[in-house]
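Asks: Under the heading domain 'NADH:ubiquinone oxidoreductase chain 4 N-terminal', TrEMBL lists 30-73. The domain 'NADH:quinone oxidoreductase/Mrp antiporter transmembrane' feature in TrEMBL is assigned to 85-367. Residues annotated as transmembrane segment in TrEMBL: 39-60, 67-84, 90-109, 121-141, 161-183, 195-215, 227-246, 258-279, 285-306, 327-349, 369-388, 409-429.
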Amino acid sequence: MLYVFSQIFDNTKAGLQLVERVSWIPAIAFEWSLGVDGLSAPLVVLSGLITLLSVLASWNIQNKSKLYFILLLVQASAQAMVFLSQDFLLFFFSWELELVPVYLLIAIWGGQYRQYAATKFILYTALASLLILLSGLTLALAGNTFTLNLADLTERSINGYIGILCYIGFLIGFGVKLPIFPLHTWLPDAHGEANAPVSMLLAGVLLKMGGYALLRFNVQMLPEIHVILAPALIVLAVINILYGALNAFAQDNVKRRIAYSSISHMGFVLLGITCLNNFGMSGAMLQMISHGLIAASMFFVTGVFYERTKTLSIPNMGGLAKVMPTTFAFFLASSLASLALPGMSGFISEITVFLGLTSQDLFTTSFRIISVSSAGIGLILTPIYLLSMCRRVFFGPRIPALAVIGDMAPREVTIGLILMIPTLIIGFWPRVAIDFYVTSTNALSNYLVSSMVV
């Protein structure tokens with residue numbers, strides 16, 4: 001897929017490419033309208049890669065396997081459609097379609113409390129979807145003519161109370177998926193109960209739908225309001241980073257700790273989006289790509305040792321490095337990438353976001369210093385809660401019952417390598433990812449600059 005995109009996608013153009021547009025229901029101006037640009041192209045590639053690896057990681061699924069793989073593919077198709085849709089109703093349909101397979105994948109193949117986690121997920125996302133629908137239709141009706149085309153909606157200048165209400169509706173609706181504090185509480189439960197391949201898709205792709213939608217709707221369609229609310233959103237992003245990091249310490253379940261880590265890392269996406277400049281937008285996009293690979297890797301490796309130990313409780317594991325050295329190597333590498341070790345993709349993305357915040361003269365110097373320092377505390381906390389988890393799981397007191405379990409199989413090693421190699425490539429050669437979207441993010445940030453009210 002990456003090769004195909006490199007051959008047919010022109011990353012020097014900021015506009016839509018490979019457009020497919022057919023009138024579907026003319027009475028309501030509903031179109032089958034698809035297209036790809038720099039904002040969506042890397043996320044489509046990421047979605048395809050994580051989906052393929054999730055299918056391979058589901059090798060041992062025996063219970064209702066046909067239904068399971070159908071749901072995985074429906075989920076993947078819906079996620080790709082979210083990134084490609086250029087009609088609001090088509091986007092909303094794809095957004096809603098993705099909820100059904102995720103609910104069933106958690107409710108049928110999840111853990112002990114799967115029904116609770118699945119119900120909580122569907123309630124949060126369904127209520128959020130209502131706000132998205134109301135905000136989108138309000139924008140569609142706000143102009144002289146009714147339109148659902150995203151490009152036409154972008155050209156409208158919607159300000160005042162209507163614009164603010166639409167912006168807040170989108171922010172809450174998409175913020176549930178990102179997730180933004182305090183709309184995050186479904187995520188630890190969903191990850192804690194979902195099996196590893198489903199968690200790979202949740203963390204690797206589903207959360208990125210929220211970040212992408214914020215760029216596409218809040219930033220692109222309502223730029224003036226985004227500029228006005230940017231300082232408040234920066235505060236919210238910093239809270240996200242710190243809250244996720246601090247709560248990760250309290251988790252004794254491996255997957256729940258990684259889930260709170262994801263909340264913290266996705267705070268950098270929100271922070272980058274609100275920097276209002278090229279560095280910030282580029283850092284937000286790179287963070288989505290980087291976190292997608294790293295989080296998918298961490299959940300995959302967690303699934304590997306869960307299949308062998310039958311537990312995710314950190315106190316009930318120990319000494320696994322001796323019996324599972326390859327698994328330990330992959331989990332450690334994923335943790336190092338997550339804590340933004342130089343030479344890995346996490347470092348490049350997060351440092352780019354910081355550069356975006358420090359270089360934005362729209363904010364006062366004291367505000368920038370406080371924001372960067374506070375977010376930096378989140379970075380300092382990350383290695384503490386991740387490496388302490390590695391120490392307890394792999395080097396803690398040995399559990400006799402776990403002394404004879406096996407290590408990763410060749411299939412699992414292959415999946416781990418496919419996830420880790422790109423994080424190293426991006427870490428040493430970030431242009432391979434940045435070139436995909438930089439023209440589009442530059443155009444978007446320049447559009448924001450032209451919208452700033454001085």
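From the backbone N, Cα and C atoms, a Cβ is placed for every residue, glycine too.
Please treat TrEMBL annotations as automatic predictions, because they have not gone through curation.
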Asks: Which range out of 121-141, 227-246, 258-279, 285-306, 369-388 gives the transmembrane segment (409-429) the most CB pairs under 8 Å?
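Replies: Ranking 121-141, 227-246, 258-279, 285-306, 369-388 by Cβ pairs under 8 Å to the transmembrane segment (409-429) puts 285-306 first.
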Asks: List, by number or range, the same-chain residues at least 6 past the transmembrane segment (327-349) whose CB is under 8 A from its CB atoms?
Replies: 261, 265, 268, 283, 286-287, 289-291, 293-295, 297-298, 301-302, 304-305, 320-321, 379, 382-383, 386-387, 389-390, 393-394, 407-408, 413, 416, 419-420, 422-424, 426-428, 430, 433
Asks: Cβ under 8 Å to the transmembrane segment (195-215), counting only same-chain residues 6 or more beyond its ends: which ones?
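Replies: 39-40, 43, 46-47, 50-51, 53-55, 57-58, 61, 72, 75-76, 79, 82-83, 95, 98, 102, 105-106, 109-111, 170-171, 173-180, 187, 255, 258-259, 262, 266, 269-270, 273, 281, 284, 288, 291-293, 295-296, 298-300, 302-304, 306, 444.
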Asks: When secondary structure is assigned with DSSP, how many helix, strand and coil residues does the domain 'NADH:ubiquinone oxidoreductase chain 4 N-terminal' (30-73) contain?
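Replies: Tallying H, G and I as helix, E and B as strand, the rest coil: 26 helix, 7 strand, 11 coil.
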Asks: Under 8 angstroms, Cβ to Cβ: which one of 90-109, 161-183, 258-279, 285-306 has the largest number of such pairs with the transmembrane segment (369-388)?
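Replies: Result: 258-279.
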Asks: Near the transmembrane segment (161-183), which same-chain residues lie under 8 Å Cβ to Cβ, leaving out any that are not at least 6 residues past its ends?
Replies: 124-125, 128-132, 134-136, 138-139, 142, 206-207, 209-211, 213-214, 217-218, 222, 224-226, 229, 233, 236, 239-240, 243-244, 263, 266, 269-270
Asks: What residues elsewhere in the chain lie close to the transmembrane segment (258-279), defined as a C-beta under 8 angstroms and at least 6 residues from its ends?
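Replies: The answer is 178-181, 184, 187-188, 190-192, 203, 207, 210-211, 214-215, 218-219, 226-227, 230, 233-234, 236-245, 247-248, 251, 285, 287-288, 291, 295, 298-299, 302, 338, 346, 349-350, 352-353, 355-357, 359-360, 362, 371, 375, 378, 381-382, 385-386, 441-442, 445, 448-449, 452.
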